[in-house]
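Q: The feature active site, phosphoserine intermediate is assigned by Swiss-Prot to S61, with sequence analysis given as support. Summarising the annotation, Swiss-Prot assigns Mn(2+) 2 binding site to D11, S61, D437, H438 and lists sequence analysis as the type of evidence. What Swiss-Prot records for H122, R152, D153, R183, R189, R255, N256, D257, R258, K329 is substrate binding site. Residues annotated as Mn(2+) 1 binding site in Swiss-Prot, with sequence analysis given as evidence: D396, H400, H455.
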Amino acid sequence: MSKKALLMILDGWGLGDHGKDDVIFNTATPYWDYLMETYPHSQLQASGENVGLPDGQMGNSEVGHLNIGAGRVVYQDLVKINLSCRDNSILKNPEIVSAFSYAKENGKNVHFMGLTSDGGVHSSLDHLFKLCDIAKEYNIENTFVHCFMDGRDTDPKSGKGFIEQLEAHCAKSAGKVASIIGRYYAMDRDKRWERVKEAYDLLVNGIGKKATDMVQAMQESYDEGVTDEFIKPIVNAGVDGTIKEGDVVIFFNYRNDRAKELTVVLTQQDMPEAGMHTIPGLQYYCMTPYDASFKGVHILFDKENVANTLGEYLAANGKKQLHIAETEKYAHVTFFFNGGRETPYDNEDRILVPSPKVATYDLKPEMSAYEVKDKLVAAINENKYDFIVVNYANGDMVGHTGIYEAIEKAVVAVDACVKDTIEAAKAQGYEAIIIADHGNADHALNEDGTPNTAHSLNPVPCVYVTENKEAKVADGRLADVAPTILHILDMVQPAEMTGCNLIK
């Protein structure tokens, strides 16, 4: 078994449908064809939940390299929360247990506040509905929902329908709509404290237009020409849903940028000049970490701890490694590959080759691939690295231009560079794994023949360049790449890596 491994990431080099849109298939790639005929290969899934994104969402380079280096699926916040609601593990979330137990034992009110829409950018109605269900399970009488209306990520008059949906859910679950206000006020992010004050006064002091029918109140606002984003404060006259000392507040937005300012005035900082004071004893829960500087707030879904990435694990075991790419993908083979860490590990060398200074890469489709290849071959021939990762950027960066002839030239350049790199690696006793992080050049045309500049949902290749004639490679996903590299290096996979070795 070889003890040296080369991981080659061909950015944007997916496995297409072999139609006209599949530039890789339709371009002469003699060396790639040789690899596919000679060595064991398989397919990796590189999009959707296989890389921790919402189902059906295209993969991207950041997420791809994060999963490749982590050796596990790294879930995005939204997906993590969705899964937790779906499999009911949210009920065992220690912060959820603490919030609702505290309210139950101390007879406190529970408040849910956040963007009440299906826009999917800042929040999810499903998460809100689940919170209402949990309140019902804990039998909490006073559960109040404070609705921030959208109209930016949704139709400007869709909010009335969302309030109807919420009220219908609350009727069979728990909770009452206590207040409504536009996101323009409640979710400012530009330090316009006079706007935030409108939301603060509504939530804390119950200042707003009194209404007995919240859906009707929304319609009246529309009739006056005021749509969702700008809805003025509305108070449910039938309940006292103001936030009081020692209450439980759950801010259910999972995106942080527009949740910070309201959190600041409720929990972090008195602003007497603006008439806003933090509320004593508030049990305040954020869906995700809103700001590392916030004190005394709870976090329902904390950031993933990506410990023991491939880079970290190799360094801890005294291995020498090289990470190399041109500028466009340098952050991907360093920062993202190492789980979001800027600083190199011990014995980790990095080579950055400048990308060409052109307006768009169709003007130079080979980019800096040949320069990367030359530096890489020289490094391979030094024979001092146990592990090397390289990214060839062309398939993705030229793929994004949508210019077919340029993508063809990019594919030709990559094929030539793969040849020189792999032949050098074989001569020095390296085994290689060749993959992509996601597709792009494999799907360059839409069905109507217009250029497609986006990534594709296609699987990506996994080629195992080895002397072992018996070897086979199983299908998998990007999270399986790091365990496979460790297998080549004859190293035991750390517990944190939940991916699988694909070499059989």
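Glycine too: its Cβ is placed from the backbone N, Cα and C atoms.
The model shown is predicted, which means the values in this text are computed figures rather than measured ones.
Mind running through what each feature is packed against?
A: In sequence order, D11, K329, H332, F336, D396, D437, H438 make up the list of same-chain residues 6 or more apart from S61 (active site, phosphoserine intermediate) whose Cβ falls under 8 Å from its Cβ.
Neighbour density for D437 (Mn(2+) 2 binding site): within 10 A of its CB lie 34 other CB atoms from the protein chains shown. A coil conformation is recorded for D437 (Mn(2+) 2 binding site) in the three-state DSSP classification, outside any helix or strand.
Look at R258 (substrate binding site): DSSP puts it in coil. Spatially close to R258 (substrate binding site) yet at least six residues away along the chain are L115, H122, R183, M187, D188, R189, judged by Cβ distances under 8 angstroms.
Under the three-state DSSP scheme, H400 (Mn(2+) 1 binding site) falls in the helix class. Non-local neighbourhood of H400 (Mn(2+) 1 binding site): Y361, N440, T453, each in the same chain, at least six residues away, with C-beta under 8 Å from its C-beta.
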Q: Work out how many Å separate N256 (substrate binding site) and H455 (Mn(2+) 1 binding site) at their Cα atoms, rounded off.
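A: Distance between the two Cα atoms comes out at 26 Å.
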Q: Which chain-mates of D153 (substrate binding site) that are at least 6 residues away have a CB under 8 A from its CB, listed by sequence?
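A: Listed in sequence order: S117, G119, G120, V121, H122.
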Q: Counting only other Cβ atoms and using a 10 Å cut-off, which of the binding-site residues D11, D396 scores lowest?
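A: D11, out of the binding-site residues D11, D396, has the fewest neighbouring Cβ atoms within 10 Å.
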